[in-house]
Every structure is written in structure tokens, then in C-alpha cells.
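Novice: Below: one structure in C-alpha cells.
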Amino acid sequence: MGRLLAKMLFPLAMCLFVSAVSASDSPSSNEANPIVISSEAMDYDTNTITVREGKKLMVSCVFESDEQIHKSDLLWKQANGNNIDGESNPSLFSVILNEKGSKHRKTSLHFSSVHTRDTGLYTCTGRTAGGENFEKTIKLVVLPAIEWNDKDTVKGALLGEPITIDCGVKGPSGKEPMIQMTNGNGEPLDEEIWTIAGNEATIDSLKKEHAELTVSCITIEMHQETSKEEFPVVDRKDVNIEVYTLPEFETEESVQYTVIDNHVRDAIIYCNVTHSFPPVRHYTFYHGDEEIKMSDKFNIFVNVGVSQGAHLKIHNVNENDLGTYKCEANNIKAKSYHTIHLREANAPAEPKVTLIEDKRHSIIWKVESIDRDPDLPMTAVEIRHLRAGTAEASGVSDEDISDAYWKSHSIFMQRNIKDDGIYEINGLRHGHEYVWRFRQINEAGFGDSVVLRAKTLDDHDLEMMDSASDSKFPLALATLFFVCLFI
């Protein structure tokens, strides 16, 4: 019987819950009284507002008259006669403004969170410029907060696992609560997805597409007003579904490479996650069965931004660092593993570098690979340059300048491999000589370098080029004239 009554009252209750009807539209409205009070969930027959403790509440009072009224003459008052203004207290205050779409004065009574102590009478009073006084009183009834069996508004489970939404409430003893369960749009739950038993709805096996679902738990309590009539009080709790997944990788295992020689090199081991919900929070790397701790040799960097993943940086890699690594990705709800095999590969061969053209503020180079059968394909070219004077200050020949000196004194750029091998380096000072270092890079690391010197053009060089160009024109003209004589 209770369920049947709930279904009959549900449309009426929802209508009252979501709409606010102007008191001037109610049968009890006094046409001579320009004060119109409105609020959600208000019974306009008795001018009573019934709400749950802890909720926000706003009550509007509009002075619907063409007569002038000063904003200080439209007031909300408590039952004891105290005015309620914008500074009454943080949880109860009023705001005065003009009604949208008209010039009528409006004062809004705001409860940031109603309490049972707020139960009582509230009066809106207005005094016109001509001295006429009007008022209208409402009764506020604050019911104890509803207690749900499950207070969570977000429920989640792993992909493939079951999930149950409990819409039950802890009602008074012997009183059966009236409960409806709908989707987020107010429609009945899809029985092809949900299994409904009592006040619980269950999905037997979560799928990724279920992450968009919402269950609205709606309770209807019939509250008896002073007039002995029952007024429906509607409460609603939306529960959003989350589908947790294992962190996923593009493949279960991968092979990565490094170069081991007399250079100080860093090896990078990547652990890229293609999908995880929630996002991965912790990454742990293992070499064999031993967990890797942060140190001067090992450092773990986590991606920041949209892409999920991390990488392990191994400083000054050597033969002992080769072997099998394991990356553990943990998103708090679940964890998964990716295996990486770190292997040794040959460094790229030194490139063939040709000066194509020197200009006033740039130099054009052609960088080609001479290795026809590399272990790994070339991915980039590293180009560094420094002024000749800076190179000479190192105290050694250009070829013997250390990596550390290059890193601290040179301008660095890394360009992706181009089919034509042409690279123009801009931003140079005119008439200056530079020392250049070129080396190719593959997945394993960098190769042997080529060191060259090249100079940008100065004003004298440009004048010489212009003169040479000018001298070629008369010669070409004379040649043309000579040819014409024999035609």
C-alpha cells in the first residue's frame, strides 16, 4: 500500500520540489496587499515552508506596486520584531535589489544552512512613500536531517565487478519510507542494466560505459501541517557511478636500449600508461626483484599533464645496469606491472657534415649519416656551438673540449632527423667565428661527434660578394654581344 501511495504522490511531490509558484497566484493572495512571497517547496494555502535541516533556503519578497518604496522600507523581520539585514549573521541575512524584468523592489531572505532552531514566523514588511504599511508572514518548519543508509554520493568498483546503490533511509520505527529510484534525468532505471530489489539497485558486472550513469534516490515524507493536511517533503540524493580500471600499458613488455662506453651517459627507462582510472598516483621500479630507491644514481620522474607515465633515469649507466626492470603503476584502487628489458646497443656513427652556406646571422649545414646498417634508426641531430674565443679559453684543442665544458658554455639545440639533412642555425653574430659540434642520436643515446669551425659574414665579406656579382654582369653582357655577332 505504501509503494502504491508513493507512486501516486511522486509526480505531485516532484512538481512541488522543483518549482516555485508566486504567492500572488495562490487562492489566498490578497489583491490589496502588494507583498508577494515565494519560495521552493512552499505551501501557498498556509504560507508554510517545510525543509530539511542543513539545506540552503531562499525566500523572496517582492513589493508588486507602482507606488514608490525606498529600499530601507522593505524589510524582513523575525518573530521577536528584530530586523534581518545584510549584516544580521553569516547564516541568516537579507539582500535588497530590483526584481528582474521590472522596477519592483525585492528583498531575499537567505539561510546558508537552516537549523531546527530557525523554525518560526518570518514577516516581510513594506512602507510606501505615502505612509501605507503592508506585511505578510510565512511559517518556516525545519525537519530533522534525513539519514541515508549510505551517505556516499560517489560509488565505484573495478571494471567487471558488481556495484550496488542503496537508496534506503533510516526512518522512524514502524514508518515505511516512500522511495523512488531514477536516473539523473528523472526517468526509471534501465532494467537491462540494473537489477532492482527493494531500495537497492545493482549492476552485476561494471563496464566502462557505466561510468556516465547517475542514480537519483528520492524520498517522500508526508508532513502534517497545522491545518491537519499532509504536505509532501521531498529529499533527493544523486549517486554518481565510477568505474575503476587497472593501469593499462600499450604492451606488457618492451625492449629499451642504452650505450655503454667511456662517456658518462644516462639511460632512460620509460613506463608509459595508456589508460587508468583513477589516474596512477604511485610508480615503483624494480631491477630484478630489488626495489630501486632514489639516489645519486637513480631518479624517478612522473609525467605532469594529460599523459600518464613515469621514467627511471640511471646516471652513468654501466654493464651492471643491464637486464630486466619492472614498473609498478598504482592508482590506489588497483596496480599493474610493465616489464622492460634494458639492452646494450652501438652508438650512432659520427655524421658527415658539410657547410652549405654562411650568411650574416646564420649558417646552413648538411648533416648526413654514413652508417648504412645501424643497430637503431637515427631520431635526432644534436648541434652545439660556442664562440671561438670561448673555445680557446678552455685551454685545449677544439676536439678535446670536454662534455662538461660544452654543456656549460655552448648553445644547444636538438633537431629531428630531416630527409634532406639541411639545418639552418640562426641568431649568430655577424663576422664571428664559432666552433661547432655535431652528433647523431638514436634510442640508445648519442654517437661520436664531429667538431668544425665556421664564420659568419662581416661587412667586408658582403662587399666582396656584391663586387663579384657586379663584375659578372659586364662579362655576361660582352659574351652575349660576341655571340650575337656570329649569328
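Backbone N, Cα and C define each Cβ position, glycine as well.
Pulled from Swiss-Prot, these are the listed features:
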type	residues	note
SIGNAL	1-23	signal peptide
DOMAIN	34-139	domain 'Ig-like 1'
DISULFID	Cys61-Cys124	disulfide bond
DOMAIN	247-354	domain 'Ig-like 2'
DISULFID	Cys271-Cys327	disulfide bond
LIPID	Asp466	GPI-anchor amidated aspartate
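I'd like these features described in context: how deep, what's nearby, how far apart.
Specialist: Classification of Cys124 (disulfide bond) by DSSP places it within a strand. For Cys124 (disulfide bond), the count of additional Cβ atoms within 10 Å of its Cβ stands at 25 [all protein chains shown].
In the predicted structure, the domain 'Ig-like 2' (247-354) carries a mean pLDDT of 95.
There are 27 other Cβ atoms within 10 Å of the Cβ belonging to Cys271 (disulfide bond). Cys271 (disulfide bond) carries a strand DSSP state (E or B).
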Novice: Rounded to the nearest Å, what's the C-alpha distance separating Cys327 (disulfide bond) and Cys124 (disulfide bond)? Just drop the number here, would you?
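Specialist: Rounded to the nearest whole number, the Cα-Cα distance is 67 Å.
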Novice: Let me know how many other Cβ atoms fall within 10 Å of the Cβ of Cys61 (disulfide bond).
Specialist: 28
Novice: Counting across all protein chains shown, how many other Cβ atoms sit within 10 Å of the Cβ of Cys327 (disulfide bond)?
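Specialist: I count 26 other Cβ atoms within 10 Å of it.
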Novice: Under a three-state reading of DSSP, tell me whether Cys61 (disulfide bond) is helix, strand or coil.
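Specialist: Looking at the DSSP assignment, Cys61 (disulfide bond) belongs to a strand.
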